[in-house]
């Protein structure tokens with residue numbers, strides 16, 4: 001026995017019931033948003049529309065697009081700063097319904113308001129292809145075309161008439177509207193800026209029939225369901241339940257006969273404006289490549305492109321450029337600067353067909369680009385000064401044009417009265433200045449020869465050394481970060497290509513590591529007790545050792561001596577840095593009972609406010625955090641060394657692993673974390689699936705140990721943050737994958 005035709009799965013029926021509930025809630029929110037919009041509460045309306053979109057059942061693409069367009073309208077009404085949000089909502093609406101002209105028009109209006117007529121023209125041209133009689137699109141297209149022509153960019157429309165009768169009726173309707181001077185209005189249409197109001201007023205004129213919202217016929221609901229581009233037909237085909245809603249709306253508007261003919265005439269009322277452009281072909285575009293150093297970007301330019309147009313295209317592709325020159329390669333492979341539009345046509349003729357033309361962009365100063373066609377000469381200072389004088393030549397401020405410099409009479413009188421009032425002679429000012437400088441230098445010489453001044457000089461010297469060492473330390477951290485540059489690999493590259501890129505990246509990283517090490521060493525030389533430089537130097541040697549080890553395995557070369565030597569240097573620097581910090585911490589604890597020499601000097605100079613003391617608890621937490629992180633980093637170095645020694649067959653790997661576990665314990669790692677690390681050592685694996693350990697488990701253990709100790713002990717010492725929080729470079733994982741692939 002089969003299932004009856006009308007029988008349905010209970011789960012499906014329940015799902016349909018839920019969809020109906022959510023759909024009803026969504027439409028209620030939509031109506032609330034419409035009421036808020038009519039009250040000019042655009043922010044509240046946008047919030048309601050967004051909630052309505054979230055409650056829409058899946059598959060309601062048309063309603064979702066309509067709501068997204070309404071949200072965009074709300075953003076357009078708020079302020080120009082919200083235009084970017086409006087563009088985003090229009091993009092979402094077009095993703096749901098690609099042929100949605102209202103979203104395209106609103107996005108075009110936003111682009112026009114933001115000063116991007118080129119982007120607005122693309123949307124307007126698309127709408128006019130679908131609807132040649134769209135009045136809003138025509139009005140925006142006129143403004144956008146004017147803006148583009150002012151920039152030297154010629155544009156044309158490729159619009160075809162839909163029907164001769166429609167064109168004739170559109171002409172008659174246009175003449176009628178011109179004669180009667182009667183236009184429908186929209187909510188807030190007179191307050192729009194940068195073409196937004198014209199867009200909305202024209203958009204309402206092409207709607208089918210004069211609908212009323214909340215009993216007022218002069219305000220058009222900006223979220224009405226009828227669309228002139230076939231959106232209503234699509235909605236009727238996807239929603240079977242719209243018939244009931246249509247009946248309700250029909251009953252609400254009973255007694256008013258819809259004027260379908262007028263709707264059709266309004267839709268094509270602007271066809272007569274596009275007759276001059278009917279049949280116009282789209283301008284042929286050429287593909288070009290714009291090369292700016294290592295950055296290559298593709299673009300298109302018209303076949304008969306002028307140099308100002310090309311400079312505009314380059315400026316759009318590279319917005320950060322202030323002044324630049326455009327060059328091309330001639331037959332002798334020489335780079336020739338393009339200064340005229342004729343030279344641009346020569347460069348285009350040299351290009352091979354079916355191959356994009358390559359233009360080389362070079363950034364220069366403003367003086368070098370003078371003389372290039374399309375570049376305006378900046379006015380000189382004398383010209384600006386002369387223009388300022390001309391602007392000031394207005395009424396009481398006017399003066400004889402032959403006198404470049406002048407002083408008003410009231411200025412001279414005021415200066416004389418002021419001198420007499422205060423008894424000050426301006427003629428003696430120069431002598432007073434020289435006398436003051438002489439006394440100042442004599443006082444300084446007398447001061448610096450005293451014994452008290454020597455203590456101040458010592459404190460100043462120490463502070464300047466610390467500042468210089470810290471600057472070198474930060475510069476070294478910059479080079480360490482540069483060494484982590486990720487190699488650019490294709491999705492499915494060849495083995496030879498990978499090796500070439502890896503070799504280049506390895507050389508780059510080694511160079512940056514060497515620069516970073518030199519900076520850290522110079523920092524320690526500048527300030528002998530700068531322990532941060534030794535810790536950073538130890539980590540630099542450690543990262544370089546790991547990179548060399550992975551590179552040796554991937555490329556099958558012998559670098560055993562170099563790797564072990566780098567590990568030795570890393571351990572030595574960590575030990576020196578730890579000892580130096582322990583001595584400094586001991587001296588600090590001993591000096592808690594008496595003030596430091598620096599503090600005594602600053603108190604004598606009444607400058608103690610420039611030194612911020614931390615409490616004993618904060619100092620203890622900071623010391624515990626530094627000790628923990630140094631020991632964990634030291635243990636990591638020893639652990640990685642044991643991995644390398646095990647793979648090389650050296651018996652010392654057990655000793656390195658044992659010392660590493662001790663460092664982890666001192667650093668505050670839990671016994672469970674240490675057991676995970678020991679278990680994942682390559683010596684305990686029966687089958688070596690990876691280079692040294694299972695990445696997932698070890699990363700989880702490190703994360704738990706790092707978070708537990710770091711954030712429990714308080715904030716990390718700010719100077720060592722880039723050292724302790726630095727992750728392994730991507731190149732390490734690529735080399736490991738190459739070795740086992």
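Placed from the backbone N, Cα and C atoms, the Cβ positions cover glycine too.
Annotation comment: Swiss-Prot describes 26-59 as repeat 'TPR 1', evidence class sequence analysis.
Feature annotation from Swiss-Prot assigns repeat 'TPR 2' to 65-100; the stated evidence is sequence analysis.
Here Swiss-Prot flags 168-270 as region 'Disordered'.
Under the heading compositional bias 'Basic and acidic residues', Swiss-Prot lists 171-184 (among others).
The annotation compositional bias 'Polar residues' is assigned in Swiss-Prot to 201-218.
Per Swiss-Prot, the feature compositional bias 'Basic and acidic residues' maps to 219-247 (among others).
Per Swiss-Prot, compositional bias 'Basic residues' is recorded for 248-258.
What Swiss-Prot lists as domain 'PB1' is 285-364. Look at the domain 'PB1' (285-364): DSSP puts its residues at 21 helix, 32 strand, 27 coil.
Residues annotated as repeat 'TPR 4' in Swiss-Prot, with sequence analysis given as evidence: 496-530.
In terms of DSSP secondary structure, the repeat 'TPR 5' (532-557) contains 24 helix, 0 strand, 2 coil. Swiss-Prot lists 532-557 with the feature repeat 'TPR 5'.
For the repeat 'TPR 6' (558-591), residue counts in helix, strand and coil come to 31 helix, 0 strand, 3 coil, using DSSP. Per Swiss-Prot, repeat 'TPR 6' is recorded for 558-591.
Counting residues of the repeat 'TPR 7' (628-663) by DSSP class, helix then strand then coil, yields 32 helix, 0 strand, 4 coil. Taken from Swiss-Prot, the feature repeat 'TPR 7' covers 628-663, and the record attributes it to sequence analysis.
DSSP places the residues of the repeat 'TPR 2' (65-100) in helix, strand and coil in these numbers: 31 helix, 0 strand, 5 coil.
Look at the repeat 'TPR 1' (26-59): DSSP puts its residues at 27 helix, 0 strand, 7 coil. Per-residue confidence over the repeat 'TPR 6' (558-591) averages 88 (mean pLDDT, predicted model). Cβ atoms under 8 Å from those of the repeat 'TPR 5' (532-557) belong to residues 469, 472-473, 476-477, 480, 483, 499, 502-503, 506, 509-510, 513, 516-517, 520-521, 523-524, 563, 566-567, 569-574, 576-577, 580, 630, 633-634, 636-637, 640, 644, 691, 719-720, 723, 726, 728-729, 731-732, 735-736, 738-739 of the same chain, restricted to positions at least 6 beyond its ends.
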